[in-house]
Amino acid sequence: MAAKDQIDGLNFQQRHGKERVRVGRVWRHGKEGPHFFVEWNVSITLLSDCIPAYVHADNSDIVATDTMKNTVYVKAKECSEKVSVEQFAIILAKHFTSFYQQVTTAIIKIVEKPWERVSIDGFKLGSERHTTEVFVKKNGALGVTSGVEGLALLKTTKSGFEGFIRDQNTILPETRERMLATEVSASWRYHFDSLSSVSMDPFTETYLDVKKVLVNTFFGPPKEGVYSPSVQATLYYMAKAVLGRFPDISSIQLKMPNIHFLPVNLSSKDNPVIVKFEDDVYLPTDEPHGSIEASLGRIHSKM
Ligand SMILES: O=c1[nH]c(=O)c2[nH]c(=O)[nH]c2[nH]1
């Protein structure tokens with residue numbers, strides 16, 4: 001679908017828009033109520049009467065793609081109640097076609113990330129992979145490492161970061177309220193050191209239990225959660241919980257990138273408050289991200 005015109009006896013079709021506008025939206029119901037969270041990737045295409053921009057370098061009928069991007073955040077903010085992707089696409093498309101006389105059709109595509117709720121204020125993306133590396137020597141010596149990769153976890157509250165070094169290059173504000181998102185890669189070494197010491201197959205059950213301990217430690221108890229003062233501290237609690245709970249595990253390594261969800265504040269000279277961040281509208285990012293990793297092992301263990 002594209003606007004079709006004839007210029008100088010030639011067919012001309014054009015469209016413009018903005019792709020991959022990422023937005024995260026949290027809806028909070030009261031102080032105690034559940035949080036709802038969605039992450040969307042929005043693409044906007046407008047069919048509009050703006051041929052002079054192409055043919056005469058006259059931009060007076062152009063809706064700037066930057067404005068389209070901002071509109072996603074404005075409309076996300078305006079949705080005070082949880083909406084579906086379909087409903088949000090309709091809201092956006094209706095806005096573009098009714099607000100701009102030049103726009104004849106708006107095409108909105110949205111892909112929603114499959115975040116699943118795991119407990120109050122926590123969401124889990126079901127995409128993790130179980131990994132292992134094993135060695136066996138001729139004499140029966142055995143080494144088993146198991147792991148999980150891509151365990152994406154996110155909590156919408158009970159996270160902060162304060163008291164870090166401030167210098168001439170620091171602009172990050174201190175906070176006790178932020179989104180915490182990561183994709184955990186963990187690998188743990190079992191203490192079995194010979195083939196004969198593994199009697200049954202304990203690995204699947206242990207994998208599931210380790211995952212549970214990692215996830216539960218990240219979020220804390222379902223009712224009240226647990227405050228995370230940093231990714232580092234949360235990583236350490238998680239590693240410690242695994243070693244505390246599984247005597248058969250001698251060491252664990254955790255990699256937990258700090259995947260940033262940036263607060264959305266939009267302002268201009270004429271309009272100082274277009275969108276004011278109130279722990280609700282975020283810009284999800286992949287790059288750059290913080291990289292935080294550590295390993296914890298029992299003394300005398302083979303790391
Ligand atoms: O939990 C965090 N750890 C850091 O080391 C760090 N650095 C940063 O900019 N934000 C954060 N958050």
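For all residues, glycine too, the Cβ spot is worked out from N, Cα and C.
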Select one of PHE161, PHE164, PHE277: the residue that TrEMBL places in the urate site alongside THR65, ASP66, ARG178, VAL231, GLN232, ASN258. PHE161
Largest CA-to-CA spread of 5-hydroxyisourate binders THR65, ASP66, PHE161, ARG178, VAL231, GLN232, ASN258, angstrom: 39
Tell me which of the recorded positions LYS18, ASP66, PHE161, ARG178 ends up closest to HIS260 (active site, charge relay system) in space, Cα to Cα. ARG178
Cα-to-Cα gap, PHE161 (5-hydroxyisourate binding site) vs THR65 (active site, charge relay system), nearest whole Å: 34
Other CB atoms within 10 A, centred on ASP66 (5-hydroxyisourate binding site): 9
Looking at the binding-site residues PHE161, ARG178, VAL231, ASN258, which have a C-beta within less than 6 Å of some atom in ligand 1? PHE161, VAL231, ASN258
Do you know offhand how many angstrom separate ASP66 (5-hydroxyisourate binding site) and LYS18 (active site, charge relay system) by C-alpha? 8
Cβ neighbour count within 10 Å of THR65 (active site, charge relay system): 15
